[in-house]
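Data first, discussion second: the structure below is written as structure tokens.
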Amino acid sequence: MSATPLVSQVDSHNPEKSKLIPPLLGASVAELSAWVQQQGQPAYRGKQLHEWIYDKGVRSLADISVFSKQWRAEVAEIPIGRSTLHYRSVAPDGTVKYLLRLTDGQIIETVGIPTFAERGEGPKARLTVCVSTQVGCPMACDFCATGKGGYKRNLARHEIIDQVLTVQEDFQQRVSNVVFMGLGEPLLNTENVLAALKSLNQDIGIGQRSLTVSTVGIRDRIRQFAQNNLQITLAVSLHAPNQALREKLIPSARAYPLEELLAECREYVEITGRRVTFEYVLLAGVNDLPEHALELSKCMRGFQSHVNLIPYNPIQEVDYKRPNRDRIEAFVNVLKQQNTAVSVRYSRGLEADAACGQLRASKN
């Protein structure tokens with residue numbers, strides 16, 4: 001009996017009407033149960049298969065010992081959807097950068113970010129994974145390394161989920177948080193990002209509020225994303241408090257005026273009840289002046305929002321610099337005086353080129 005491809009979308013009342021496509025990673029218990037039944041196996045095998053994929057990290061169906069040798073041989077060629085490790089580097093702060101090779105030979109980057117106990121000793125209190133959603137990035141933000149290598153393609157659902165399992169297996173600790181802040185623009189790959197979010201929540205057990213999707217802002221996509229009524233965190237890469245400066249830093253902003261972006265963010269808050277986080281990379285002498293902070297505070301008025309300031313992480317291709325601490329504190333103080341919720345994030349993984357804005361899917 002030859003194996004049928006994976007059930008990717010299942011009508012639980014009529015499994016035979018389901019669309020069948022491989023690979024298996026990203027499939028739910030219901031999907032896997034429907035698939036094994038199509039192979040002549042009992043439904044409970046689907047739950048076993050789910051456990052082996054997500055909990056045991058199996059990479060080939062041929063290695064699942066609870067199944068008969070005959071059936072394993074029949075389905076051995078059906079892919080689970082795991083990548084191979086191309087490169088791994090560790091920063092002094094414990095952050096790990098991974099380059100993963102996909103089945104078509106493309107390379108993507110993933111980062112594992114452990115948070116330790118207060119003194120930096122003992123078990124890791126939290127493990128965050130920064131995942132990529134595209135091979136490369138088409139947005140070409142002026143200060144970011146990710147877009148310098150160009151854009152190749154979207155990642156499939158399984159290629160996003162695989163990054164989380166890779167980090168989880170390497171650290172031998174369950175992942176607590178996932179941030180979609182790696183290579184690519186998530187809202188240009190909405191279908192696969194939504195499917196990955198669902199699987200990370202339901203199959204791997206990561207709470208929705210521990211999932212963050214970052215976007216530079218794509219016209220109408222934030223509104224569409226809100227319709228899914230997820231309880232994830234939306235992070236918008238703003239980086240400038242006015243349209244003119246934003247266009248210089250983010251070329252795609254020319255097609256999406258700041259006022260329209262902010263209007264969509266307000267709609268997102270109204271629909272989901274969740275505040276929006278605005279990421280703002282501080283560039284010395286470019287967007288870090290007190291008047292910029294005052295403009296930024298005005299953008300935040302009228303809806304639930306939080307500003308996350310990120311002091312710039314240098315890359316070789318451009319001459320931007322990180323502001324000194326006095327300049328950063330002055331910027332923060334202006335925002336606080338305007339009652340704008342604000343925090344400063346000093347990025348982890350700087351020495352491994354794994355910090356915010358440094359990801360490029362290369363060893364250097």
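Heads up, the Cβ atoms here are built off N, Cα and C, so glycines get one too.
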Per Swiss-Prot, Gly184, Glu185, Ser237, Leu238, His239, Asn313 bind S-adenosyl-L-methionine; matching candidate in Ser199, Ser214, Ser297: Ser214
Could you check which of the recorded positions (Cys130, Cys137, Cys141, Cys144) sits closest to Leu238 (S-adenosyl-L-methionine binding site), going Cα to Cα? Cys141
Just the number: how many Å between the Cα atoms of Gly184 (S-adenosyl-L-methionine binding site) and Cys144 ([4Fe-4S] cluster binding site)? 11
Between the two most distant Cα atoms of the S-adenosyl-L-methionine-binding residues Gly184, Glu185, Ser214, Ser237, Leu238, His239, Asn313, the distance in Å is 19
I'd like the number of other C-beta atoms within 10 A of the C-beta of Asn313 (S-adenosyl-L-methionine binding site), please. 21
Measuring Cα to Cα, how far is Asn313 (S-adenosyl-L-methionine binding site) from Cys141 ([4Fe-4S] cluster binding site) in Å? 14
